Amino acid sequence: MSSSSTYETCLADLSSSSSATPSTEDLLICISNSFDESQTSTDSAVNVFYLLYAASLVFLMQAGFAMVAAGCVRLNNVQNTLLKNLLDACGASLGFYTLGYAFAWGGSTDVSTTDVTFIGKENFFMIGLDFAEESFWLFQLAFCSASATIVAGTLAERCQMGAYLGYSLMLAGFVYPVVVHSIWSPAGFLSANRLNGILWDVGMIDFAGSAVVHTTGGMTALIATKVLGPRTGRFTDLRGRVLATPKDFTGHSLALQMLGVFILWFGWYGFNTGSIIHLTQHMNYTFVSSIAINTTLAAASGAITTLFVNTVVQERLTGEVTYNLQYTMNGCLSGLVAITAGCAVVESWASIIIGIVGGVLYLMCSKLLVKHHIDDAVDGIPVHLINGVWGTLSVGLFAVPELLETLHNRSDHCGWFYSWSRGSADATLLACQIVGLLFVLSWVTVTMFPFFWVLNYLGWLRSDSLEEVIGLDVGYQGGVLQARGHKDEVESRMDNYISEYVKQREERAALKQINDTSTHGRILLGVSLHSVNNILDSSLRGETKEKENSLTRATSAIDIMERSNNSRKSSQGDLESNKSEKLSSLAQINDSLRSAASEPIQDNNSNEVQDEPWLDN
């Protein structure tokens, strides 16, 4: 709108309301109000668009998580893993729509509030939200989905489908929103986003979610993994004896993992910069570029540090120089997780240090998980949980007073290292960060551990052991293995395992039909008559059965030869002699085969059985 049209509009409005000629003062007030309204409208539009753009980048991270998980699993679990990542996003959306947003933010977005509440209580089913709040809802949903998806890769290759949807609803609808309300909502007891009544006059600072998103998701993954147990054959053999060296289950595609890492890195720019929320308010726009730079530097330093440290360690241990791509990719993600909490309040040099420490912590904790027989298929626990904790603590060490003043209008309590320059050792901010972490870890534990324990007790958490052997793609998607990796003991017998699994499913269907058509009130348990022990016995008796089949074929050959020779009625002596020799030879074969068939079945302690680690449960 031009100044002339604004002037004409104001002149017409003032003239219509009064017969007298409008005064200059009234015209100026009207024009000023018009420009203020236009500026407010433009600011609102920019903020809405910015949040929608950032939400789109964060939601794209779902594709990154899916590619990383799909690349880390074996080929016969790819479809199932991708479906579960999709279910995470779907379950989180429904849970956040119905309850999650209301528990997290409902009725508690006013920074001037004096109330402190444990949970929100308004805006269920998005009731009462305006257009600006709707864009904020979508942005927060993307964060919630990211937290839920962290767990998906950790539990890959051994978790039932229903359990994924169940925990997604639980995490998105209740557990995660309480963490958000306590730390980010102005009504939360840990929040730094309020004007009065702040914890120790500083509050907990978690700008983009190292604690809220990553520590919550990582702790949930740790609990679920402990309850679920490791993949079959990962740490023990079929006797339950611990393997001297844990078996590595190599993912089928490093290319997919690399694609996923770059998608996640790209999405992280929306994750961190979008957390400024109101781009046009105060001096918020001045933070965006430095946030993006800090994000980049932390990712780069985390990746390079992980690559270098692992190479040096392996050279010292083996004498060979190796470069591990998978560790490098996870080191990059570790740096991204670690910088998330403090990306707006630390200097660029500090972001490099945060990334370096994050990469080292990832390597140490990844080895520690294996040592304690915790099976994390994608190394999500050291990436998200450990570096989420480190990133939250790093704010208490490196937070810059000037940046805190601009962002939160207070800087009395800054990072511990900066407080030394003031002649003190004030660790108030660091103490707030520790209190916040203890709350997050405790809350997730007391809610998610009973949840997963009940699922496991009811048999709804772990997949069937035979389904796990042949791959969850066959068990759930009904597909057929089109290709297989390297041939080992399991792969060489895969056709037999699949046949056994088909028999198992047919028996379950038959038992279900009997239950459905029963007229005597009796219900048969839908448990297969075949179990892993049947397969074990089958493999043990395989050699003996083969000998018995050879014996049958030899006996049939004798009968055929006798009928053939009797029908010829030949009197030639040489033919009779040949017949006697052949019968004598076949009789010897008969005796040897019967003797072999009568030998006892191979003992369970044989080396052949011990070398098959896939049957430990």
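Positions of Cβ are set from backbone N, Cα and C atoms, glycine also.
Within the chain carrying the transmembrane segment (50-73), a Cβ under 8 angstroms from the stretch's Cβ atoms is held by residues 81-82, 85-86, 88-89, 135-136, 138-139, 141-143, 145-146, 149-150, 152-153, 156-157, 251-271, 273-275, 277, 279, 329, 377-378, all 6 or more beyond its ends. Per TrEMBL, the feature transmembrane segment maps to 50-73 (among others).
The feature domain 'Ammonium transporter AmtB-like' is assigned by TrEMBL to 51-475.
The transmembrane segment annotation in TrEMBL covers 85-104 (among others). Below 8 angstroms of C-beta separation, residues 59, 62, 65-66, 69-70, 119-126, 137, 140-141, 144-145, 148-149, 151-152, 161, 164-166, 168-174, 176-178, 180-181, 184-185 of the same chain, each at least six residues beyond the ends of the transmembrane segment (85-104), sit close to that stretch.
The annotation transmembrane segment is assigned in TrEMBL to 136-156 (among others). Proximity of distant same-chain residues to the transmembrane segment (136-156), defined by a Cβ-Cβ separation under 8 Å and at least 6 residues beyond the stretch ends, is recorded for 51-52, 54-55, 58-59, 61-62, 65-66, 68-69, 72-73, 77, 81, 84-85, 88-89, 91-93, 95-97, 100-101, 104-105, 126, 129, 164, 167-168, 171-172, 176-177, 180, 209, 212-214, 216-218, 220-221, 224-225, 228, 271, 274, 277, 376-378, 380-381, 384.
Summarising the annotation, TrEMBL assigns transmembrane segment to 163-184 (among others). Long-range contacts of the transmembrane segment (163-184) within its own chain (CB-CB distance under 8 A, at least 6 residues past either end) are made by residues 84, 87-88, 90-96, 98-105, 108, 117-120, 140, 144-145, 147-148, 151-152, 155, 190-191, 193, 204, 206, 211-212, 216-217, 220, 224, 436, 439-440, 443-444, 447-448, 451-452, 455, 460-461.
Residues of the same chain lying 6 or more positions beyond the ends of the transmembrane segment (204-228) and with a Cβ under 8 Å from any Cβ of it are 143, 146-151, 154-155, 158-159, 167, 171, 175-176, 179-180, 183-184, 190-192, 271-272, 275, 337-338, 340-345, 374-376, 380-381, 383-389, 391-392, 395, 399, 404, 408, 429, 432-433, 435-437, 440-441, 444-445, 448-449, 452-453, 455-456, 461-462. The transmembrane segment feature in TrEMBL is assigned to 204-228 (among others).
Sequence annotations record features per position, and here TrEMBL assigns transmembrane segment to 249-271 (among others). When Cβ-Cβ distances below 8 Å are used as the criterion, the transmembrane segment (249-271) is approached by residues 53-61, 63-75, 78, 143, 146, 157, 208-209, 231, 234, 292, 295, 299, 325-326, 329, 332-333, 336, 340, 377, 485 of the same chain, each at least six residues removed from its ends.
Per TrEMBL, transmembrane segment is recorded for 291-313 (among others).
Here the transmembrane segment (348-369) has long-range neighbours at 290, 293-295, 297-306, 309-310, 313, 327, 330-331, 334-335, 337-339, 342, 376, 379, 381-383, 386-387, 390-391, 394, 398, meaning same-chain residues at least 6 beyond its ends whose C-beta is under 8 angstroms from one of its own. Residues annotated as transmembrane segment in TrEMBL: 348-369 (among others).
Residues or ranges marked as transmembrane segment in TrEMBL: 427-455 (among others).
Under the heading region 'Disordered', TrEMBL lists 562-617.
Positions annotated as compositional bias 'Polar residues' by TrEMBL: 563-574 (among others).
The compositional bias 'Polar residues' annotation in TrEMBL covers 587-608 (among others).
Beyond the ends of the transmembrane segment (427-455), by six or more residues, the same chain brings 163, 166-167, 170-171, 174-175, 178-179, 182-183, 190, 199-206, 211-212, 215-216, 219-220, 223-224, 227-228, 389, 392-393, 395-397, 399, 413-416, 419, 461 to within a C-beta distance below 8 angstroms of the stretch. Looking just at the domain 'Ammonium transporter AmtB-like' (51-475), the mean pLDDT is 91.
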